[in-house]
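Chemist: Can you keep this structure in mind? I'll have questions shortly.
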Amino acid sequence: MALTAALKAQIAAWYKALQDQIPDFIPRAPQRQMIADVARTLAGEEGRHLAIEAPTGVGKTLSYLIPGIAIAREEQKTLVVSTANVALQDQIFSKDLPLLRKIIPDLRFTAAFGRGRYVCPRNLAALASSEPTQQDLLAFLDDELTPNNQEEQKRCARLKGDLDGYKWDGLRDHTDIAIDDDLWRRLSTDKASCLNRNCHYYRECPFFVARREIQEAEVVVANHALVMAAMESEAVLPEPKHLLLVLDEGHHLPDVARDALEMSAEITASWYRLQLDLFSKLVATCMEQFRPKTTPPLANPERLNAHCEEVYELIASLNAILNLYMPAAQEAEHRFAMGELPDEVMEICQRLAKLTETLRGLAESFLNDLSEKTGSHDIMRLHRVILQMNRALGMFEAQSKLWRLASMAQSSGAPVSKWATREIREGQLHVWFHCVGIRVSEQLERLLWCSVPHIIVTSATLRSLNSFSRLQEMSGLKEKAGDRFVALDSPFNHVEQGKLVIPQMRYEPTIDNEEQHIAEMAAYFREQLESKKHHGMLVLFASGRAMQRFLEHVADVRLLLLVQGDQPRYRLVELHRKRVESGERSVLVGLQSFAEGLDLKGELLTQVHIHKIAFPPIDSPVVITEGEWLKSLNRYPFEVQSLPSASFNLIQQVGRLIRSHACRGEVVIYDKRLLTKNYGQRLLNALPVFPIEQPAVPDVIVKPKAKPARRRRR
C-alpha cells in the first residue's frame with residue numbers, strides 16, 4: 001500500500017491537533033522523523049521491518065500510535081502495541097490512548113494484560129463471602145479460598161462491590177484498595193486453575209471480557225510474552241497478516257523469546273512417583289464417574305500403569321546418573337559443557353519427551369471431554385475434577401517441553417544450555433533439571449519476522465557501543481532481509497544540562513576489592529548527601545550483595561533511603577515524589593530494574609549514583625555456555641557478550657537523569673576503569689556527551705576482612 005496524499009494529510013492533521021492537547025508541547029525534528037519512518041514502514045513503502053532507537057524526549061509512543069492508527073484504519077487491520085512491562089502497558093492504555101481519543105473520537109482500544117493481573121471473580125466471591133456455606137462450597141474447589149481474617153474478608157467485599165458496580169475493571173493496578181501479594185495470589189488465578197467456559201463467572205470475568213474486546217478493537221495494547229504465545233498458537237490476536245505490530249521496549253524481545261525456550265522442572269524421583277500416581281487415580285475417577293464417549297486407549301488401567309512405570313524408571317535412572325555428577329546429600333549444581341549430554345542421558349531425555357507428550361495428550365483429551373459434561377453431572381464434583389485435570393495438563397505440558405528442549409543439540413544454530421541442581425527444602429532433597437536456548441533468532445524469524453508483514457521495533461536504547469550489531473545477532477533482524485536500522489538524535493543538550501562525575505577512587509570495583517570500594521563509594525555519597533545540593537537522588541547497584549554492603553555503611557541515614565524490596569516499586573516512587581515536592585531529601589536505591597522505566601523529571605532527580613560497570617554475571621550457566629560456544633567459533637566472549645551488555649546497561653542507567661528540557665544534574669560513576677582500561681573510552685563514547693569531572697574521594701579507613709583461621713593438620 002502506498003502512502004496516499006489523503007493518508008499523509010490525516011497523519012499531519014492528527015499530529016497538529018495533538019499539539020493543542022498537550023501543554024507546553026515542543027515540536028521536535030526527531031519526532032517528525034520517527035512519524036515519517038514508521039508510516040513508510042507500516043505502509044510497505046520502505047523495507048520489511050524497522051528498528052528505530054528513539055531517545056528519551058522524542059515522544060516515541062505518540063510517534064508510532066498516530067501513523068499506526070491511520071494506516072491500520074486504511075488497511076482495515078488491527079494495530080497491536082506490545083511492551084515489556086506492565087507500567088508502560090498501563091501508561092499507553094490509561095494515558096496515551098485516552099489522549100488520542102480526544103482527537104480521534106471514535107477510537108476503539110483495549111488492553112490484553114496477562115491473566116495474573118486480573119482478579120478471578122470466582123476466587124473473589126469466595127474470599128468476600130461471610131456465609132460459611134458459600135465458603136465451604138468454594139473451598140471444596142480450592143482449599144485456599146477462605147479469608148485469613150475478618151479485615152481481609154471486608155476488603156474483598158469492597159473489591160467485589162466495586163467490580164459488581166462497574167467501578168473497577170478487575171485489574172490489580174486499577175484499584176485504590178491495598179492488596180498485598182499474598183492476598184492477590186489468592187484473588188487471581190493462572191491457566192492451570194482457571195475453569196474457563198465451565199466457570200459460572202465466565203461471562204463477567206474481567207480477563208475474558210478483555211479478551212472478547214480484542215475482536216472489536218482497532219488498537220490492542222499487549223506484552224511481548226503474550227504476543228509470542230499468540231503467534232505460536234494463533235489465538236487471542238487476529239491473524240498475523242491482519243496485524244500491524246509495534247514492539248516497544250524492543251530490546252527485551254530476545255530475552256522474552258528466550259524465556260519461551262527456558263524450561264525448569266522438578267525431577268525428584270519420589271515427587272515424580274507421587275504425580276504419576278495422582279494422575280492415574282484422576283484418570284480412574286474420570287472413567288468411573290465421567291466416562292468419555294470415546295475411551296482413549298491409554299486410559300486402560302494396565303496400559304496407563306505400564307506407561308507411568310516406564311516414565312518413573314527413566315526418571316529414577318536419570319536421578320541416579322545426575323547424582324554421580326553432584327556431591328552427595330547437599331545442595332549442588334552441575335552444568336553440561338556446551339549443552340552436550342552424555343549419550344545415556346540424551347536417550348533418556350528423548351524417550352521422556354515422547355512419553356510425557358503422550359500423557360499431555362491424554363490429559364487434554366479428558367479435559368476437552370469433561371468441558372462438555374457441565375449440564376449432566378454434579379457441577380461441584382465436575383469442576384473439582386476439571387481443575388485437577390487442568391493442573392495435570394499444565395504439569396505434563398511443562399515436562400514435555402523440558403524433555404523436548406533437552407533432546408535438542410542446538411536451537412537457532414547455537415547450543416542449548418543444560419544443567420541440573422539439587423536443593424534442600426525442609427530437610428528434603430529436591431532435584432531440578434534446566435534447559436535454556438542461548439539464541440532465539442530462528443524462533444523470532446518464524447513467529448514474527450516472516451509472519452507479520454511489517455513490524456516496528458523501538459526503544460530508547462536499542463544499540464550498545466554505538467552499534468545495532470548485538471540486536472541484530474540476538475533478534476535475527478538483518479539488513480539483507482530489507483530491515484532498516486535508524487538511530488534518532490536526542491532532543492536534549494546534554495553538555496549544558498548535565499555532567500559526568502568519575503571520582504578518583506583508589507580501588508577498582510572487583511570482587512577482591514569490594515569492601516574497600518564500597519567504603520569509598522559510601523564516603524563520597526555521604527559527602528554529597530550532607531551538602532544538601534540535591535533533593536532527589538538515585539543509587540544503582542549491579543548486585544544485591546553490593547547494595548546490602550553499601551546500606552551497612554550508611555545505616556545512620558537509612559530513613560532517607562527508599563530501598564528496592566522495602567515496598568512495591570510504584571509505592572517507593574510515589575513516596576519519593578511526595579518527599580521531594582515537599583522540600584525534603586529522598587534517595588531511591590535499587591538494582592538494574594530501577595534503571596529502566598523510571599521517569600523522574602526536574603528536581604525529582606538531579607543526581608544518579610552508579611556503583612560500577614554492570615558486566616553480566618560470570619557464574620550464570622547460560623552465560624558460561626554462550627562463552628564456550630563463542631570460543632569454539634574463535635570469537636572473543638568479552639567483545640561479543642560482556643562488553644555490549646555492559647554498554648547497554650550503562651546507557652540505561654545514565655539515561656535516568658535527563659528526562660526533559662528542564663532537567664539538570666549529574667551522574668556519578670564509581671568505576672575508574674572507564675578512564676584506565678582500553679574499553680572504558682568505548683563505553684564513554686556510547687553515552688550522551690557530558691563534560692567529565694574527577695573529584696577527590698574522602699579518606700576512608702577500611703578494616704580488612706578477617707581471614708578464616710587455617711585448620712591445623714593432624
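Even glycines carry a Cβ here, placed using N, Cα and C.
Bear in mind that the values here come from a model prediction, so they are computed numbers and not experimental data.
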Chemist: Among C120, C156, find me the residue Swiss-Prot lists at the same [4Fe-4S] cluster site as C194, C199, C205.
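Modeler: That [4Fe-4S] cluster site, as Swiss-Prot gives it, pairs C194, C199, C205 with C120.
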Chemist: Identify the motif 'DEAH box' range according to Swiss-Prot, selecting from 44-47, 152-155, 248-251, 372-375.
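Modeler: Per Swiss-Prot, the stretch marked motif 'DEAH box' is 248-251.
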Chemist: Could you measure between C120 ([4Fe-4S] cluster binding site) and V58 (ATP binding site) for me? Cα positions, answer in whole angstrom.
Modeler: 39
Chemist: List the Cα distance (Å, whole number) between G59 (ATP binding site) and C199 ([4Fe-4S] cluster binding site).
Modeler: 43
Chemist: Taking only the binding-site residues A54, P55, G57, K60, which one has a CA atom nearest to the CA atom of C194 ([4Fe-4S] cluster binding site)?
Modeler: K60
Chemist: Please identify, from the binding-site residues A54, C120, C199, the residue with the sparsest Cβ neighbourhood, meaning fewest other Cβ atoms within 10 angstroms.
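Modeler: Taking A54, C120, C199 as the binding-site residues, the minimal 10 Å Cβ count falls on C199.
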Chemist: What does DSSP say about C205 ([4Fe-4S] cluster binding site): helix, strand or coil?
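Modeler: Reduced to three states, the DSSP call for C205 ([4Fe-4S] cluster binding site) is coil.
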Chemist: According to DSSP, does T61 (ATP binding site) fall in a helix, a strand, or coil?
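Modeler: In the DSSP reduction, T61 (ATP binding site) maps to helix.
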Chemist: To the nearest whole angstrom, what is the C-alpha distance linking C205 ([4Fe-4S] cluster binding site) and G57 (ATP binding site)?
Modeler: 38
Chemist: Tell me the Cβ neighbour count for P55 (ATP binding site), meaning other Cβ atoms within 10 Å of its Cβ, over all protein chains shown.
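Modeler: Here the count is 20.
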Chemist: What's the CA to CA span in angstrom from T56 (ATP binding site) over to C199 ([4Fe-4S] cluster binding site)?
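Modeler: Pair distance, Cα basis, whole Å: 45 Å.
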